[in-house]
């Protein structure tokens, strides 16, 4: 009976050791993924900045991702160009207002 307990304890130790190495590998992969996401986050376009060349590159706001909003601008020579900026759409502003109001009321 003692031999069985020793063998079981040895197996449990080996399994826990091997799984901890697997977890370390997993943590290293997650760390690399987080670093890549952080790099992407740094490259996003902040609110009120121009996004004409990268319409899907706006950063995230408090609750929602900013949207690239475009307008047509008439230049001095009479031509028209499209200018875009990252901003919060009206329905997102309304949702943020409701959530902020709810937080003030309900704490």
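Just so it is clear, glycine is given a Cβ too, placed from its N, Cα and C backbone atoms.
As recorded in Swiss-Prot, the features of this protein are as follows:
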type	residues	note
DISULFID	44-59	disulfide bond
DISULFID	51-68	disulfide bond
DISULFID	58-86	disulfide bond
DISULFID	70-84	disulfide bond
SIGNAL	1-20	signal peptide
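Structural mapping of features recorded in Swiss-Prot.
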residue	record	CB count, 10 Å
44	disulfide bond	17
51	disulfide bond	22
58	disulfide bond	23
59	disulfide bond	15
68	disulfide bond	17
70	disulfide bond	13
84	disulfide bond	19
86	disulfide bond	23
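Considering only the disulfide-bonded residues 51, 70, 86, residue 59 (disulfide bond) has 86 as its nearest partner by CA-CA distance.
In this structure, the CA atom of residue 51 (disulfide bond) is 5 Å away from the CA atom of residue 84 (disulfide bond). Among the disulfide-bonded residues listed (44, 68, 70), 68 has its Cα nearest to the Cα of residue 86 (disulfide bond). Here residue 84 (disulfide bond) is positioned 15 angstrom away from residue 44 (disulfide bond), judged by their C-alpha atoms.
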